[in-house]
Amino acid sequence: MVDLESEVPPLPPRYRFRDLLLGDQGWQNDDRVQVEFYMNENTFKERLKLFFIKNQRSSLRIRLFNFSLKLLSCLLYIIRVLLEKPSQGSEWSHIFWVNRSLPLWGLQVSVALISLFETILLGYLSYKGNIWEQILRIPFILEIINAVPFIISIFWPTLRNLFVPVFLNCWLAKHALENMINDLHRAIQRTQSAMFNQVLILISTLLCLIFTCICGIQHLERIGKKLNLFDSLYFCIVTFSTVGFGDVTPETWSSKLFVVAMICVALVVLPIQFEQLAYLWMERQKSGGNYSRHRAQTEKHVVLCVSSLKIDLLMDFLNEFYAHPRLQDYYVVILCPTEMDVQVRRVLQIPMWSQRVIYLQGSALKDQDLLRAKMDNAEACFILSSRCEVDRTSSDHQTILRAWAVKDFAPNCPLYVQILKPENKFHIKFADHVVCEEEFKYAMLALNCICPATSTLITLLVHTSRGQEGQQSPEQWQKTYGRCSGNEVYHIVLEESTFFAEYEGKSFTYASFHAHKKFGVCLVGVRREDNKNILLNPGPRYIMNASDICFYINITKEENSAFKNQDQQRKSNVSRSFYHGPSRLPVHSIIASMGTVAIDLQDTSCRATSGPTLALPSEGGKELRRPSIAPVLEVADTSSIQTCDLLSDQSEDETTPDEETSSNLEYAKGYPPYSPYIGSSPTFCHLLQEKVPFCCLRLDKSCQHNYYEDAKAYGFKNKLIIVAAETAGNGLYNFIVPLRAYYRPKKELNPIVLLLDNPPDMHFLDAICWFPMVYYMVGSIDNLDDLLRCGVTFAANMVVVDKESTMSAEEDYMADAKTIVNVQTLFRLFSSLSIITELTHPANMRFMQFRAKDCYSLALSKLEKKERERGSNLAFMFRLPFAAGRVFSISMLDTLLYQSFVKDYMISITRLLLGLDTIPGSGFLCSMKITEDDLWIRTYARLYQKLCSSTGDVPIGIYRTESQKLTTSESQISISVEEWEDTKDVKDPGHHRSLHRNSTSSDQSDHPLLRRKSMQWARRLSRKGPKHSGKTAEKITQQRLNLYRRSERQELAELVKNRMKHLGLSTVGYDEMNDHQSTLSYILINPSPDTRLELNDVVYLIRPDPLSYLPNSEPSRKNSICNAAVQDSREETQL
């Protein structure tokens, strides 16, 4: 190839020397040509066109002048009519000739000359090759009719008094007005709605019709009654209003014919205008019009951007947003590209919402629509993804573009964004608050397996409630559960707080325990003034400062509370009692738990005699006396603080020699070396020394490293956690991480089996191959063989994740149909299996573990309807699967994003509780179970003290399970038996009252009576069906039903066993599904200090970071997997 540089010869030396001396001047005499652009605009015609048409401002001035000129001509016509003396006689000459003074004629001629010249000039400038198109236009014809006679009269004086219908210039004025409005919008760069233009055209058309009719009748009646302008106006108004009094009527046939013609014109023109106006009005109703600029500057509003608006999403947003008192005056502007559906339209017509919710149809990607919503003046913008889409990634991409568009248009508007896929989160890091659906969903489902009902706990915390749900119910558990559900997270500065001000300089655990003991509030976290990180239970080493921001759980925030001394409260409530059970609670405890604004300040010098105290052991039982509870120190002695569980040694696994020889894999602690997506928070975890080969991750396939083909062959010491999902998305990574976090005891790690419909990608396997005891298997919960191979018969929990391919359905709420039926099949086949299900729609949770003839479930359905009628945001909370944490819908967490508008810390606290974020010094959520050996503690307050003084843990709630000895078959007895029991109960009401006890009692013998009372209440709410006579018939019916149920269970058991034998699996340990006790589980968030502990209660704890107790904890936090010092690091970071 020829070198390009060699093709250009160098300059001679003299030119180079000249260039050195003269610089750029040496180029002045060269042959250069100056080129001028846009020469076509320099012609005379183009300059005129630029001035009269193209230039916005000059064109506006010309049209305004033209409009004024036409109005002036009409005004001169009126002046001529008023100055003219009525002529005598009825000759037709009066129609063609009028009396016009010379000055008036001169003015009209001048106006006509200017108008005609302007019309001809504009016609010339807009000429496009067809002269007839310009001549035959109606405005041009009217201009000729009104201007040419005056110009002719200049040269022919006898025509000066010729009648010219100058009043027709009103139509030219209307035409000029329309053009002027368009130019005005262009000049000020502001577009009015088409509705405004159409209304203006309609009004101007109506005025022109009336003015033309007035002037025409008045002129034609010059040969008749000689009406003046006022009489003509009166006649036109009466005629057009269809009243027609008949006192003023035209006499000549010409005027009558003119009236008929004008009425015909009106009947043609006005309906067309009204039709266009009605069409624009309907379109405006669909699109929503504009949000007023004046309102945007004087009132506060937020914008909700969604791709499609469903009624459930709308009501969740409105109920949660307007639940806060200070947001009552805010407007909500909804910006949605689709047309409003019928249900949404019906709701927005309710006066409560129509006054403060505005629906705009438009796209967030259009600046014009963002301007309509006044996004630059909005207090916040909520951007939600459409989760009911087959392609969720595409939905995320739309959300990302909306967020970018809003940030570009209004950079100062706070953004609250909901994203579906975690891999898309890093695109919107600039947003003020982001909730990633799959991150929260999988982390919550994972914690449900080790901390039961974590999903219910978080859902209740992020919903705004006053704790009034269930207070009308006759069942005590529903009252207590509903009352405690009103607890939320609030914040306050320590020095401004009555709750915590006295604990300045004290330890965190001391402040938390005494605040709960005194006020019933639970201090769970703190944040330094100069630090943005929130610390959950930083432990006893943390000393409270005056400027610290305290985060606490309570029924209401401190600012809305009033404080009364206990003596004053006792005097004002001598005859009042909040509770009439056997174990009466002190007033200060009940007020704190009931959620009233009056909170007792407990007087330590005057303690209620009925308050709970530890019973002293008898003299003969001193050898069995339990150790007393140590006091919580103001400044804790950290050398005495244990980093283990209260009741069992879970500190770290010192394995026995037998276990060491049987264990082939050594675990280390460190950060996972590979993350499946950008933006995942690093978490200190239990990891393997070396990653597992991909072939060994397959549970049901043997390889060269192991020969196991089913879960039973692995011989796991702990029960399995099975996750049934459609695909191994990146969000599934967040299910594994909380279960392998470093603070989980190694001995308690459960094997995780991923049952996937589709094989996982290689990058996902790269991420999970470092975690111990994580396997996958390709299969479906539709297939019994797949379930048996993955170890469902000895699994602790089965998590069924909602499938993306079924999230959208043509009929509302049918998206969960397949999931519900599959889970019901699992429930029938493996009744002892704990199944945790995710649904798309919360309304479908009523179908979980469905029993068609269960009266108690029917009664709960009635209760849910009543709570919804009372306006509760948590009407679904009394459904037994939700209360027990067996079912969850991610849409219930939408309120987390909405609540962040008022509580900007809620997302951070929720992420810390779920283990999605880990901050050095911040605690983590865990649980402990109350056994028989722990019942000596007796009350929640003493448990609080025991935990704070020994381990530094802070309890935040109780998961309570009550036994129900009514079997499934007994719940399906006939109505006649129920009514017979009703009659039996009525016969002995005194005995029934004497046996009634509180549901919080620890005596297990009370539960049958409680269940019997529940059945009575259920029968009252759902009584129906014919009566049967005789006790024998009822007993025979019940026996037949029990026999039918037993035979059905035996048939299912035989089916499962036969499949296991066919697959070569051992049937040992399979639950043959004998009658088992049904249970009722629910959560008590921040219960009162005097709540009695019961057997099998699970207490939610926020445990301090174990690494914060180590003197050299920072080096142990480094990733130490791929170096030789792993073992030393593991020893240093033991709990």
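Keep in mind that glycine also has a Cβ here, set from the backbone N, Cα and C atoms.
Under the heading topological domain 'Cytoplasmic', Swiss-Prot lists 1-63 (among others).
Sequence-distant contacts of the transmembrane segment (64-84) (same chain, at least 6 residues past either end, Cβ-Cβ under 8 Å): 98-101, 104, 107-108, 111-112, 114-115, 118, 146, 166-167, 169-170, 172-173, 176-177, 180, 211, 215, 218-219, 229. Here Swiss-Prot flags 64-84 (among others) as transmembrane segment.
Among the features that Swiss-Prot reports, topological domain 'Extracellular' is placed at 85-101 (among others).
Residues annotated as transmembrane segment in Swiss-Prot, with sequence analysis given as evidence: 102-122 (among others). Tertiary proximity for the transmembrane segment (102-122) is limited to same-chain residues at least six positions away from its ends with a CB under 8 Å from its CB atoms, namely 48, 52-53, 62, 66, 69-70, 72-73, 76, 79-80, 83, 139-140, 143-144, 146-148, 150-151, 153-154, 160, 164, 166.
Summarising the annotation, Swiss-Prot assigns topological domain 'Cytoplasmic' to 123-137 (among others) and lists a curator's inference as the type of evidence. The topological domain 'Cytoplasmic' (123-137): residue composition by secondary structure is 8 helix, 0 strand, 7 coil, according to DSSP.
Sequence-distant contacts of the transmembrane segment (138-158) (same chain, six or more residues past either end, CB-CB distance under 8 Å): 73, 105, 108-109, 112-113, 115-116, 119, 123, 164-166, 168-169, 171-172, 175. Marked as transmembrane segment by Swiss-Prot: 138-158 (among others).
Under the heading topological domain 'Extracellular', Swiss-Prot lists 159-164 (among others). Within its own chain, the topological domain 'Extracellular' (159-164) is flanked in space by residues 95-100, 102, 105, 108, 145-146, 149-150, 152-153, 219, which lie at least six positions past its ends and keep a Cβ under 8 Å from the stretch.
What Swiss-Prot lists as transmembrane segment is 165-185 (among others).
Per Swiss-Prot, topological domain 'Cytoplasmic' is recorded for 186-198 (among others).
Among the features that Swiss-Prot reports, transmembrane segment is placed at 199-219 (among others), with the record citing sequence analysis. Distant neighbours of the transmembrane segment (199-219): 74, 77, 81, 95, 163, 165, 167-168, 170-171, 173-174, 177-178, 181, 227-229, 231-233, 235-237, 240, 250, 255, 258-259, 262, 265-266, 269-270, 273-274, 277; these residues of the same chain sit at least 6 beyond its ends, with a Cβ under 8 Å from one of its Cβ atoms.
According to Swiss-Prot, the topological domain 'Extracellular' annotation covers 220-228 (among others), on the basis of a curator's inference.
Non-local neighbours of the intramembrane segment (229-249) in the same chain are 78, 81-82, 209-210, 213-215, 217-218, 221, 259, 263, 266; each lies 6+ residues outside the stretch with a CB under 8 Å from one of its CB atoms. The feature intramembrane segment is assigned by Swiss-Prot to 229-249, with sequence analysis given as support.
Broken down by DSSP into helix, strand and coil, the topological domain 'Extracellular' (250-256) contains 4 helix, 0 strand, 3 coil. The annotation topological domain 'Extracellular' is assigned in Swiss-Prot to 250-256 (among others).
Under 8 Å from some Cβ of the transmembrane segment (257-277) lie the Cβ atoms of residues 195, 198-199, 201-202, 205-206, 209, 212-213, 216-217, 220, 239-240, 250, all in the same chain and six or more residues away from its ends. Annotation comment: Swiss-Prot describes 257-277 (among others) as transmembrane segment.
Taken from Swiss-Prot, the feature topological domain 'Cytoplasmic' covers 278-1135 (among others).
Per DSSP, the secondary structure of the domain 'RCK N-terminal 1' (299-435) breaks down as 59 helix, 28 strand, 50 coil. Under the heading domain 'RCK N-terminal 1', Swiss-Prot lists 299-435, citing sequence analysis as support.
Here the topological domain 'Cytoplasmic' (123-137) has Cβ contacts under 8 Å with residues 45, 48-49, 52-53 of the same chain, all six or more residues outside its ends.
For the topological domain 'Extracellular' (159-164), DSSP puts the residue distribution at 1 helix, 1 strand, 4 coil. Computed over the domain 'RCK N-terminal 1' (299-435), the whole-number mean pLDDT of the model equals 91.
Only residues 6 or more beyond the boundaries of the topological domain 'Extracellular' (250-256), in the same chain, are considered here, and those with a CB under 8 A from a CB of the stretch are 95, 216-217, 220-221, 223-225, 227, 235. Look at the topological domain 'Extracellular' (220-228): DSSP puts its residues at 4 helix, 0 strand, 5 coil.
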